[in-house]
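Asks: The structure follows.
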Amino acid sequence: MEGVDYLADERKKAQFDVDAMKIVWAGSRHTFEISDRISKLVASDPAFRKDDRTMLPRKELFKNTLRKATYAWQRIIELRLSEEEASKLRFYVDEPAFTDLHWGMFVPAIKGQGTDEQQQKWLPLAYKMQIIGCYAQTELGHGSNVQGLETTATFDPKTDEFIIHSPTLTSSKWWPGGLGKVSTHGVVYARLITDGKDHGVHGFIVQLRNLEDHTPLPGITLGDIGTKFGNGAYNTMDNGVLRFDNVRIPRDQMLMRVSQVTREGKYKQSNVPRQLVYGTMVYVRQSIVADASCALSRAVCIATRYSAVRRQFGSQNGGPETQVIDYKTQQSRLFPLLASAYAFRFVGEWLNWLYTDVTQRLQANDFSTLPEVHACTAGLKSLTTSVTADGIEECRKLCGGHGYLCSSGLPELFAVYVPACTYEGDNIVLLLQVARFLMKTASQLGAGKQPVGTIAYMGRIEHLMQCRSDVQNAEDWLKPSVVLEVFEARAARMSVACAQNLSKFTNPEEGFAELSADLVEAAVAHCQLIVVSKFIEKLQQDIPGKGVKKQLEVLSGIYYLFIIHKYQGDFIATSCINPKQASLANDQLRALYSQVRPNAIALVDAFNYTDHYLGSILGRYDGNVYPKLYDAAWKDPLNESDIPDGYHEYIRPLLKQQLRAARL
């Protein structure tokens, strides 16, 4: 039945002000109002329809994305949207497209690494989309190891030009989004060579296509790298391959904010510190953490609503069966993911503050916090994207068989999201970078150097190596000071244990390679501590709205107690807690699941996602799942006729025992 809210009874159970929670989730009333208005604008426009995406052949799918991206740009101009509103519009259109890389990587690279003159030349063209750019760094043979890139940019002093060249097959640029079919320009990363000397990897603006007819320029070979995981998913994006055959560009197209090549071919550093490049990296990683909370919250919203709609087993005297969400096995898998979505939201907010702080410090030539900021952003990118990718797949399983249908939205969401574990730094490689920072911090503790920021707890190492948790009953686990000390002690002890084991090796690099699995675990412990501490810090703020803070306290408890339960081996092995205390943590966790249960639907309503954005029949706001699933099945192209193509050639000869007549 249309117009009936099948989840109305669930919504009546809420013990908090949902509208107030919507503002907490959005970050501010201003952001909420923009998101709400733009998401409804997109949802109500049939040009942004996406329910047929998984059924389109690749060429049609790609052309449809070009149409949507161009139409979105037209709407941005017509409605005179601000930069913030335009960014939200692209977000709610919810389709990977060349514009993501243009605005998300190409423009920031020129802003971060171009001189004032270069910015004045290139940014107006990019802002008007008179040129479309991509970010050509990754190669066929090298991804994470940027210093290993093979593309060369050799300066020719005779002509005042760089010669961009791909010397090997593995030096082909491979993966940049927007490169394959759309981009007219790229920021290309290549080894700078002057007078036979290699100065390492630098960025260059290179025109790739003719601006009149879009053909590749002489010496440039480029195309799409082929179909990727999923049905629609990332196949809306033209991830590309690019090869250069001695392509010449003017010298002033090297991005020269930090280092320069003079007319005579001399390589020199500018007076702008190299560290400024870190600002862009912090910005990109902060946005990836924010995206993790969005993707995880979408999956959790779908799984929570469907778990309340779906009934299975437990019928008493012919009454209704039990809602799936009432089973503890469902709650113990679903509610920690709900808590994680909120936790990642708040750590993302804090990273936004950190980005502002770092930018101000860099402008004042204060680089003191950079190593800690680098480690912290690398670790949080790794932790949040790994948990989110696994969490989306868990939500699909929580929806049973129907979760496997593309119309559930979950297979597509997973396929679109999962590359986040690899791009902008492979997650394990990033954790090893965090581990290096932890080992360096541990080695300097005796030298009187005080650790800062998220690593400040290591300054209390003597206390943390000796303290024992004094938890005596389950409720003690609700005290923030108790929880923080346990998480700090575990992280510190795991780092110190790795540092002690490393010191036994005569060659530190050999030791690092041998102990890398342990080092990754220590890095995860450190990153989990950051997320827990930022969630607890959020709860120390004034949070308006009836019952809102109480719900966030329950979610924060679920977040950290679930980690203690899942990683209790770490906590017990490092003697931070004893087995009895681990058992009490689990008792308290179960009690918190019961407290979340009546509020679960309202907590996912607070994400304020339209049905269009969710893209899921199972996650519909009104819970009217079964009729809509049934209707959707008949829209599949396979159901256009009762008798399938191929019946006369294959099925009929098989049934009639006339295989010789079959056109095999």
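Yeah, the Cβs are placed from backbone N, Cα and C, and that goes for glycine too.
Got these off TrEMBL a minute ago, pasting:
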type     : residues   : note
DOMAIN   : 17-132     : domain 'Acyl-coenzyme A oxidase N-terminal'
DOMAIN   : 134-247    : domain 'Acyl-CoA oxidase/dehydrogenase middle'
BINDING  : T138, G177 : FAD binding site
DOMAIN   : 278-439    : domain 'Acyl-CoA oxidase C-alpha1'
ACT_SITE : E424       : active site, proton acceptor
DOMAIN   : 480-656    : domain 'Acyl-CoA oxidase C-terminal'
Asks: Ranking 17-132, 134-247, 480-656 by the number of C-beta pairs under 8 Å to the domain 'Acyl-CoA oxidase C-alpha1' (278-439), which range is first?
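Replies: The stretch with the most close Cβ contacts to the domain 'Acyl-CoA oxidase C-alpha1' (278-439) is 480-656.
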Asks: What is the pLDDT of the domain 'Acyl-CoA oxidase C-terminal' (480-656) when averaged and given as a whole number?
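Replies: PLDDT averaged over the stretch: 96.
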Asks: What are the sequence-distant neighbours of G177 (FAD binding site), meaning same chain, six or more residues apart, C-beta distance under 8 angstroms?
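Replies: Listed in sequence order, they are P96, F98, D100, L101, C134, M237, D238, N239, G240.
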Asks: Cα-Cα, whole number of Å: E424 (active site, proton acceptor) versus T138 (FAD binding site)?
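Replies: Their Cα atoms are separated by 10 Å.
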Asks: When secondary structure is assigned with DSSP, how many helix, strand and coil residues does the domain 'Acyl-CoA oxidase/dehydrogenase middle' (134-247) contain?
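Replies: Taking each residue of the domain 'Acyl-CoA oxidase/dehydrogenase middle' (134-247) in turn, the totals are 10 helix, 50 strand, 54 coil.
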Asks: Let's see if you can do this one: DSSP helix, strand and coil counts over the domain 'Acyl-coenzyme A oxidase N-terminal' (17-132), in that order.
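Replies: The composition, in the requested order, is 90 helix, 0 strand, 26 coil.
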Asks: Taking the Cβ of T138 (FAD binding site) as the reference point, list residues of the same chain whose Cβ is under 8 angstroms away and which are at least six residues distant in sequence.
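Replies: For T138 (FAD binding site), the qualifying residues are K173, W174, W175, P176.
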